[in-house]
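**Q** So Swiss-Prot has the following annotated:
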{"type": "BINDING", "residues": "H603, H607, C707, H711", "note": "Zn(2+) binding site"}
Amino acid sequence: MVQVNENEYRLKFFLNNNYNRKICQVCQTPFWTKDKERNVCADIPCTDYYFFDLNIKSPPLTVREARQKFLKFFEKKGHTIIPPKPVLARWREDLYLTIASIVDFQPFVTSGIVPPPANPLVLSQPCIRLEDVDNVGVTFGRHLTTFEMAAHHAFNYPDKQIYWKDETVELSKEFFVEEIGIPEEELNYKESWWEGGGNAGPSFEVTVGGLELATLVFMQYEIKDGNYVPLKLKIVDTGYGVERIAWFTQKTPTAFHAIYGNLVYTFFNKIGAPLVDDELLKTAAILAGRIDPDKPETIKRHREEVAKKLGLDLKYVDQELTRAARVFQVLDHTKTIALMLADGLVPSNSGEGYLGRLLIRRALRVLRLLGSDIKLYELVKEQIEYWKEDFPQLLKNKDYILDVVNLEQERFNETLSKISLTASSLSRRKEISVDDLVKLYDSNGIPPDLLVEEIRKINPEIKVEVPYNFYGLVAKRHQTVPLKDTKKEKLPKDVIDLAENLPPTKKLYYEDQYKRSFTAKVVSVYKNYLVLDQTTFYPEGGGQIGDTGIIKDEKGNTYQVVDTQKVKDVIFHILDKEPSLKEGDEVYGEIDWQRRYRIMKHHTVTHVILSAARKVLGEHVWQAGAEKTPQKGRLDITHYKLPTEEEIKKIEDLANYIINDRRSVRPLIINRTEAEMKYGVSIYAGGVPEGADVRLIEIKDWDIEGCGGTHLSNTSEIGALKIINVEKIQDGVIRLEYVAGDVVAQYARQEEDKLKEISRQLSTSPEQIEVRLKRFLEEYKEKEELLNQYRKMMLQEIENISKKETVNGVTIYIINLFDEELRKEAMRKLTMNQKSIVVNISNKGNNNVVEIATSNDLRVDKIIEALRREGGKGGGKGTYGSITTQLNVDKIVNTIKSTINNGI
């Protein structure tokens, strides 16, 4: 821990209430307690869990009851209850998951840019942390992938103090003593230090009976160049473990029994795993503080201690606790999976989707280890039913959640079918490092223990070990958003540097999005880059391309604006040539209105389509990218499979309904905190803008999201919409391309021209294409059937009609078949006998294409190499190869014979 002045922790509250500062005899950490005899900090591993033996006044509390008791207590103490945010941190551009309650307020509230939604406030925030995923179950409840962090926060400004350390500690004491009924002498405040996100401060860990029930952090420093600089905004950042409070009051054998109640027994039953004795579990839990997950040997030692204490066989204890831990892992993981999917996660091979897929696959792997063939979605369904009142989004998105989990299980099974092939390719190595295993999992998703098992069947000597915390290592690599590559700037560096010393450009396009022309004064001229004091030219941003148009000077010179770009708040007009202008000159500007108007249509319709897609496909749909040009619009959305034609029609019809319904479209400038509280984090579908205020585009009773682009004032101006292309561009991302307004007519004409050309090729009219095509396909089918009959006849005679020769005990068949399907079947049939080679030679221009197939007991490698030495190009290995050569047929055959004579 950082060396901190003792006065940071020497609070008036402690001194006035007869608390003593002690040094733990085990860990040497200072802590505060009213118990004068206490010499140990009451935290694991300094002690075992002994809260089971403490007498408290509170009745057993479920998770829901513990949550409500906490919220209501702090509401009585003047805190405003605010709703939690989703478990996907979409208001953050650097983080995928909500890992703590303070994340809800980062970066804008904590940096002082915007005020908090209330001050002080209280909430219970569901959180997900995956770096300790391998420890879940093994520690019987100390580690969970999903948990609720109940928290009260106070934001202290220089001119407005709410409360600080003394009040925070006193509130915790009152909650634990008055609401939970813990004897005050059992409370311990362990001195600690917190750092995260560039901030730091002293903290207290509240420990009782071996269990850490809360952490009280006082965020008061900013870390700059390794130094601690006092913050102007000082934040009380607390975290109370809701699940731990429930366990503390229920005193169940493990935390999982307290969190999940009867669902524990349901899971054992459905998985087909025999129940584990409660006394064994409770003893294991009491001693679980001795487990250090970073030291796997402590797990073995823990089980030895449990066996000794109960007088049981170690093998039996190990077997029982392993089974229990695995069932608890499935319990934990399925809840986390349900919460992730309910908040809109789409499993994929990147981003937040990667973390979701990792957890699904880990749950599936654990089920295999338990020998269970139950479908994972059946267990997730149980979680939805159990938690539906606490998290209504689970029930609302139930169909999506179950559909995705089922699909992911199918994909996982497909992945496992490739394990032998992957193992074979890796078995030639002498060693596989942990980093290699992580990279392999990233690329193919095969559980490392299964992969290593297969590799060792082929190469028992290979050096490879799967670390105990493998999945945690993988999760850690993916838990934060990688730093985005520096955007490929469209402006040269000298122009970007120029912007540093220029004033912001007034944005006339926000005052009136229909404004076509304007007058302005020149602020800067550099080469063909022009900066004005104000402009109606929209600079490229948010997927909308920059405006073009003209600029005229007072002398009558006209300059074409070929592009518009922005550096921070300075707008650059890129001209077709260097202008004869100087600072202070007045100019006239006019945008290419037809072009801009088409872009506006494609931009507004993008918002219409996104909302339509969410309504048709589900609330998990999120914008993954977009582009708006005069020619068309493009929207990339998160979705787990390619939409059906019926779904695309529904999206298109719904969007056209909104267009024809003449919905008003208006921009709103609103405080960020107010916007989030009123509309939720979906306002960030197009990205997270900076600043205290956000600009929203509202389509009446349809859609509202943050956007800095130019828009129509009514959906009717869009005219019409046609989706022209739908494709899967990457795992979990679907691309929609569409046209709007008068571009729809252009697109229709192009399609009409294609139809006319097709009808011309079929010698019929456009009206008769369907009839003609049907007849054509029937004729094609008849001819295909006839061709198949000829193929069968040829195959029956292939051995007789091919040139056959025996060389060095090997039978060589020389054939010349142009029909690809017939050729493949012939080569397969002729190589069924041992020691046989088939050579198909076909002419292609000035070259001969040679295909070679061998029976399973021979290889083509040497033959291919011999033909390559003669100038051939191609390759092959095993039983098949192909090469292109200028050799004539006789020379090809002789080269092959010679190679066989020398032995292949």
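Numbers here mean position along the shown chain, with the first residue as 1.
Positions of Cβ are set from backbone N, Cα and C atoms, glycine also.
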**Q** Starting from the Cβ centroid of H603, H607, C707, H711, which together make up the recorded Zn(2+) site, report each further residue of the same chain whose Cβ lies within 8 Å of that point, ordered by sequence.
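**A** Checked against the 8 Å cutoff, the neighbours are M600, T604, T606, V665, I697, G709, T710.
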**Q** Including all protein chains shown, what's the count of other C-beta atoms within 10 A of the C-beta of H603 (Zn(2+) binding site)?
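**A** Counting Cβ neighbours of H603 (Zn(2+) binding site) within 10 Å gives 25.
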**Q** H607, H711: which of these binding-site residues has the highest Cβ count within 10 Å of its own Cβ?
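**A** Most Cβ neighbours within 10 Å: H607.
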**Q** Run through the Cβ atoms and count how many others sit within 10 Å of the one on C707 (Zn(2+) binding site).
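**A** The answer is 25.
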**Q** In terms of DSSP three-state secondary structure, what is the assignment for H711 (Zn(2+) binding site)?
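**A** The residue in question, H711 (Zn(2+) binding site), is coil (DSSP, three-state).
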